[in-house]
Structures are given as C-alpha cells and as structure tokens.
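Asker: First the structure, then my questions, so here it is.
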Amino acid sequence: MFGLGKRDLTLFLIVAVMALFAPFILNPFPTDSGMAQFNAGYPDLMQRFVIFGILAIGFNILFGLTGYLSFGHAAFLGVGSYAAVWMFKLLSMNVIPAILLSMIVSGLFAVVIGYVSLRRSGIYFSILTLAFAQMSYNLAYSVLTPITNGETGLQITLDDPRILGVSATADGGIPVTNLFGLEMRSFETLNIGPWAFQFSVGYYVAAVIMLISFYIAIRIFRSPFGMMLRAIKSNQNRLYYTGLNARPYTLAAFVISGMYAGLAGGLLACMDPLAGAERMQWTASGEVVLMTILGGAGTLIGPVLGAGFIKYFENIFSKINDQVVHGWVSFLPDGLEDLVVALIHPFVGKGWHLTLGLMFMLIVIFLPGGLVEGGQRISRRLRRKPAEDDAKSASTEPAE
Amino acid sequence: MGILEVKDVNKRFGGLKALSEVNLSVVENTVHAIIGPNGAGKSTLLNCLVGKLIPDTGSVMFDGQSVLGRKPFEINQMGISRVFQTPEIFGDLTVMENMMIPLFAKRDGVFRLHAIESVESESELRGRAEQMLEDVNMLDKRHMHSASMSRGDKRRLEMAMCLVQEPRLLLLDEPTAGMARADTNNTIDLLKQIKASRDITMCIIEHDMHVVFSLADRITVLAQGTPLVEDVPEKIKGHPKVQEAYLGEHA
C-alpha cells in the first residue's frame, strides 16, 4: 500500500497514529496533579516536536544516507523563516504560499552552498557548511538588515501591503496566520475528568506536513536514489569506477535536505510569524546534528525520536527548579533534603544542558545506533526470553 | 587494430620517469597480461587507462575514441570496468544492492534522480543481478552484508559487479594478490569460465607467473617504465631479456 513495503507501512502507520493522537499521548497526567509539569501535550511544544522532526528527517537524508555531515543546516531553517514572513508581509496570511516560498528559497540557497561545499568531503565539507551558515547569520545582522530587520527580527506589522489579504483586521489588529481561514493559533480544549486535552489547528497542520515529509523520506530511502546515496557513504571510489558521478547525487541530497529545513523554518514562522537571525546560529545547526545522532542516524524513525527527545528536555526538564525538587524529596530530614537538592541542582532547571550532554555521551558510547538501537536491543531481548531456541534464527535476519 | 591502443605514453612524477614511450595494443577478445617487477610502472599504466592519471604525452584510444581527459565514471560508461587489487565493494550494502548499483549505472547513465521509484520493483534488473550471481556461485549469499564476507567472496562479488555491466574491456589489477594457492586457482577458474562464456577482452596486471601463464593469450613485459617484449606466453617463458629483467630477479 502507498508503494511501501510491509515493515515501512507499519512504521508509517505507527507514526501517523502517534502524531494524530499526540495531544492524548503527551498528556498522561491530570492537569491538577503534581506531575502535570511533565505533560508535553500543549500546542506550542507539540508543534515544535513535529517541526524539528521535519528538520531532522531532512538532515538525515543527507547525513544518514551519504555521511556528509552538514554543520550549517540552521541557515536553511532561518532562510525558510524569513521567506515565510516576507510572504505574510507581502502576499497574504495564508500559510500555503509562505511554506512554498520558504521551500523554494531554501532550495535555491542549498544549490549555491552545496555546489561549493560538496567539492570537499569529510571535515572540510562540515567546515565549509559551517562557514556559510555563520556568514548568513552575520550578514542577517549587518548588511542584509533591509531584508532581515537585523537584531529586532522580521515581524509582520499593520502597514504591510498583503496584496491578497488585509493589512489590518476590522478591529485594527494584526491579522493572524491561517489556512484558508482556519487560524493557526486557535485550539479546542477537551475536558475529560481531571484531564484537559488541547487540539490546535497549528499542530495538526504541522503534523500532516510532517507525515507527508516522513512518507517522502521513506520513499527516498527505498529508492534507487537512496541506494546510490548509501553507496556514496560506503565507497565513493567504487562508485566512480562503476560509471556514476557522486557529485550530482550528493548535491541532490543536499538540496532535498535543505528544502526540508526550509520547510521546517517556514512552519516555525507559520506558527509564530517572526523570524530572527538567532535561528541560524551554529548552536542551532549543532542541535540538528545532536537530534539525528541521538535518535539514530541513517534510520527512518530515529531523527524524529531524537528531535522529540531534545525538545522535551529543552522545554520540560528546564522547568524543574529547586522548589520542585524540594517538593519531591520533602519526606527526607531537612539536612539530607538540602543535600539531595544541592546534588540534583546542577542537572535540572538551567542545568538541563548538563543532563542532555551526559545522556548524549552515554548514548553515543553505549548505543552508537542511537535510541533506535536501544529499542532494537530491548525488543530483541524481550523476544529472546520466551523462546530461547528462536534466538539463532532471529539474529540471522538482515539488519535494518 | 586493437580495441585498446596505447601510443607513446610518457608519465613523469617529479624526477621519476614512471612510463617512457609505452606502446601497447590489446586485441579484442583476448586476455592480455602485463607483467614486470615492482616499480616497473604497471599500476601507473593501468591508472592512465582508467582516467585516474593523465599521461604527460601520448594517446590512449579505446575502440577508436580517446580516453584521455575523461573522468573514471565516463570511461566506465564507455565500456571499461576495473577490478582493484584489494576488492572495492560497497561494504555497507547487501550483495544484491552491490549488484543493483552497476546495473542502474549501466541503464541510467552517470546520474538520474529516481527518488520515488522503488528498488524492489525493478524486477528486470533484479533478474539480471541474480543471474550474474548464479554465474559466480553467490546467489545464496545475496542477502548478506557484503563487508562480512571472506576476501575471496568479495573478489567474486567485485568481478560480478564489473561483469554485470557487460563491459567490452575488463581491467584486472593483480586479482590474486595476497591470496592462498587454492583461492588463486579458484580465481583462475572463474576468469577462464568468464572468458569462455562471453565476448570480453581482459587486461590483467599480475605478479604471479602461474596466473599469467594459465590465462594470458599475449604478454607484455614492462621494466623500468618501458615495454621490453610483447609475445605469446610460450615465447616469453624462455626469452633471455625477460629472464634477466624479471624472472632472474626471483631466482
């Protein structure tokens, strides 16, 4: 079905179901309970999960398949955002033209950067892409201020032309981003007992686009083109002597990957119509690399998991402050309580980067295949327990 | 007129003259061996044929067209395939995928963006890949991860990858280097079988005299970058110049 194999179809359907029911799945704790702060099912964060999922899926097409580690992917994210906001300023507040333009502009941008950077491979390629991204970042702050609005960031204002829309709403406010009238920021709250589930238009638009992107990524992985990309990673020398030129293949992968990043940037702007240069900073590029490696580079689902993992940490773990920890360990005697809080303190709240860094190190050292490898190991162990005899036949299955 | 014509080729690396005035003519549908002691310029000559190196002067013609200045992938598309000294395969891919890549290269040329089609649905190419694997007795290994195979199997796979493209000229760079006697004999048998079953020209660079004399129709002896003699194997064996330059060294 849909031109997918059985396993890929199962994977796709699981992701689809999880994406559609995310408001329930990510909200397991009742609103009033002490655990409610671990709920991730609010629209803003869910949108970020799927949008950064798109970014990581695209990055994985380049890094996971060809092995070319781009360290400048945030540049495409930023370019996509700027393009989308310009579309909101000039054309209309509908998200469709904004998303299309952000993909086109970032694609063109990727052709230029890729054409130059792909002359080198390995670390030199990474440095070249990093240089381009930093260049874009600094230009956005300086000479490109007329386009990017410098440090303030590009915003929509009341005197924008918006030739297909309105400059201001009837009551004089700034119009909001919408999909043919459906406002991105609008949401419905469903109360079931003590739980409150929020269904936002913005999230579902982003989720559907993420599913389309994921589907296309699966097709690319299983296509002859995807196989060529893996061949490039495996042995470029053999590829040259087999009558194939690696350059157009890597460039195509780079452009596709850049367009995914541009799409993600455009979607970010659709959810919140402003674009700033900080989106292009090298730390943002590094974050994509972390997401992909953490989830499992070269696997289909890995980057999405990695993106969710990092965004969850960034938004949830960072909110655990000392008071919250005190609340958890209040059953301990006072002196001991303070000691425990002092010990946990560097790892939570503002220190969430430390925890993330440690997790990243542990995963890279013990699970080089990322979270996906962890999942595979667990499922293999579970499967081995009931029938010890089957272990042999299971281990000879081709690795995915 | 041979299928491969090398005329007055010179190649210099700084002060070292690697090839001087090399002339070589490989006749279609023969096995031509190039032998010579270490440093004779065999590999340099081969690299000039496949586009890795460009000679300083001279010409290399394949089937009436010059190969000079063309990239390795363009030369492959002309119909020249190359087997490396250490097998070069796509180690991260399965045996079947290794076979599919040369087939796609042959069918679609240097580049084609076929990103939405599925590899699984290419039944015609898959059939040809399986046929080729059967010819080299590797069909049962088609789902194996190719990096985990033995060296002999990697060599077989590499040859199958070259042959499935139906090249007109197959260049082999020391195909039995580092192999045990039994593996060497297997390779000789495989090459004989390949030669017998199709129209193909082979050019072998080899150290091992046993291999050369069991396969070659003609032999060129290279020493210090110049061809000493070119003749049929029987004459080469007893040739005094060869004894002196090459065989004498080993005695």
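Glycine is treated like the rest: Cβ placed from N, Cα and C.
TrEMBL entries are annotated by machine, without manual review.
Pulled from TrEMBL, these are the listed features:
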type: TRANSMEM; residues: A:9-26; note: transmembrane segment
type: TRANSMEM; residues: A:46-63; note: transmembrane segment
type: TRANSMEM; residues: A:94-116; note: transmembrane segment
type: TRANSMEM; residues: A:201-221; note: transmembrane segment
type: TRANSMEM; residues: A:248-268; note: transmembrane segment
type: TRANSMEM; residues: A:288-313; note: transmembrane segment
type: TRANSMEM; residues: A:354-375; note: transmembrane segment
Asker: Given the cut-off of 8 Å on Cβ pairs that are 6 or more apart in sequence, determine whether the transmembrane segment (A:248-268) and the transmembrane segment (A:94-116) share at least 3 such pairs.
Answerer: yes
Asker: Out of A:94-116, A:201-221, A:288-313, what stretch is closest in contact terms to the transmembrane segment (A:46-63), meaning most Cβ pairs under 8 angstroms?
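Answerer: The listed stretch sharing the most Cβ pairs with the transmembrane segment (A:46-63) is A:288-313.
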Asker: Same-chain Cβ contacts of the transmembrane segment (A:9-26) under 8 Å, 6 or more residues past its ends?
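Answerer: For the transmembrane segment (A:9-26), the sequence-distant neighbours (Cβ-Cβ under 8 Å, at least 6 residues beyond its ends) are 1-2, 39-41, 45-46, 49-50, 197-199, 203-204, 207, 210-211, 214-215, 218, 300-301, 304.
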